Amino acid sequence: MKSLIVALAIVLAVAFMTLAERKLMGSIQRRLGPNHVGFLGLLQPFADGIKLILKETVLPLEANHWLFVLAPFLSFYLALLNWLVIPLAKGVVLMDMDLSILLILAISSLGVYAIIYTGWSANSKYTLLGSLRSTAQMVSYEIAMSLLVLTVVYMGATLNLTELAYLNSGTVLLWSLWPMAMIGFVAALAETNRAPFDLPEAESELVAGFMTEHSAISFTFLFLGEYANIITISTVLNLMFLGFYNPLVIYLFIWIRATLPRLRFDQLLRLGWQYLLPFLIGFLMIQPSTLFVLDLF
């Protein structure tokens, strides 16, 4: 029952995040955004959801129908699975595990398979290229994210996300890891395929990327999975570096989408492999030694 309540809460959070995104982007672009459905457009996400659910699901003739239907659901299911170990409030968590951070990393790695299946099962060149782009991007930045988490875990001496959040209430760990928080946010943008790293969904090149052939309920699950991942990774970054919940990270996701242009694919991979990865390896070696010598931690 608790898991069902959390799942419904995440769906509602996704609904209102899309509304906030459209409102904020409208404000940045000097327009109103949704303002007709309900008071100030507050019912717009529900109208969009009902519209998508009532539409007909079109199955491409040459598609692998089983994978085509199941892959979007797998994407959303994996996004929800993380919330088993993420603390919902102080002392409130569905499953308090000592290895909760490790479980989150494992689940995020499995998300690559859902995207591969989504793109391959449609038997379309656009969906396949979009899924391959997304896979290469996620694998590249998954390494950076893993090293980032390793550094934080090394400093906090725990793999329990709840304990790490309490530990971050102190200022020493927080300020010493401030550069890592910036890199973590960049890696989070790439992990969730958000601007300026939204190459898997580049409309001018790949129509809608790996979601091109999906419609109705299958598109709804892909959409829910994408935005649920944004909420999940924003929450994890908050707990790892700030020690509390702050909507600022989600606001930055939206603000950057409205302001920054899309990178080229070679620029994206170069940033991950030639800049972020060496910096993280160097930081992993230097930071603990520096704090030990200065007797700060």
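Don't overthink the numbers, they just go from 1 along the chain as shown.
Cβ from N, Cα, C; glycine included.
Here Swiss-Prot flags 1-21 (among others) as transmembrane segment. Within its own chain, the transmembrane segment (1-21) has Cβ neighbours under 8 Å at 34, 41-42, 44-46, 48-49, 79-80, 83-84, 88, 94, 224, 227-228, 230-231, 250, 254, 257, counting only residues six or more beyond its boundaries.
Feature annotation from Swiss-Prot assigns transmembrane segment to 34-54 (among others); the stated evidence is sequence analysis.
Annotation source Swiss-Prot lists transmembrane segment at 66-86 (among others). For the transmembrane segment (66-86), same-chain residues at least 6 beyond its ends with a Cβ under 8 Å from one of its own Cβ atoms are 3, 6-7, 10, 57, 59-60, 93-97, 100, 103-104, 107-108, 110-111, 113-115, 117-118, 120-122, 161, 213-214, 218-222, 224-226, 228-229, 232, 235-236, 239.
Here the transmembrane segment (99-119) has Cβ contacts under 8 Å with residues 67-68, 70-72, 74-75, 78-79, 81-82, 84-86, 127-132, 134-135, 138-139, 142, 145-146, 149, 153, 159-162, 164, 191, 200, 209-211, 214, 222, 225, 229, 233, 236 of the same chain, all six or more residues outside its ends. Sequence annotations record features per position, and here Swiss-Prot assigns transmembrane segment to 99-119 (among others) based on sequence analysis.
Taken from Swiss-Prot, the feature transmembrane segment applies to 139-159 (among others). Outside the transmembrane segment (139-159) by six or more residues, the chain places 98-102, 105, 108-109, 112, 167-168, 173, 176-177, 180, 183-184, 187-188, 190-191, 240-241, 268-269, 272-273, 276-277, 280-281, 283-284, 287-288, 291, 297 with a CB less than 8 A from a CB of the stretch.
The feature transmembrane segment is assigned by Swiss-Prot to 170-190 (among others).
Away from its own ends, the transmembrane segment (206-228) comes close to residues 10-11, 13-14, 17-18, 49, 52-53, 55-58, 60, 63, 68-69, 72-73, 75-76, 78-80, 114-115, 118-119, 122, 124, 126-131, 133-134, 192-193, 200 of its chain (Cβ-Cβ under 8 Å, at least six residues beyond either end). Sequence annotations record features per position, and here Swiss-Prot assigns transmembrane segment to 206-228 (among others) based on sequence analysis.
Long-range contacts of the transmembrane segment (235-257) within its own chain (CB-CB distance under 8 A, at least 6 residues past either end) are made by residues 17, 20-21, 24-25, 28, 82, 86-87, 104, 149, 152, 161, 164-169, 174, 177-178, 180-181, 184-185, 188-189, 192, 194-196, 198. Annotated transmembrane segment per Swiss-Prot: 235-257 (among others), in sequence order.
Among the features that Swiss-Prot reports, transmembrane segment is placed at 277-297 (among others), with the record citing sequence analysis.
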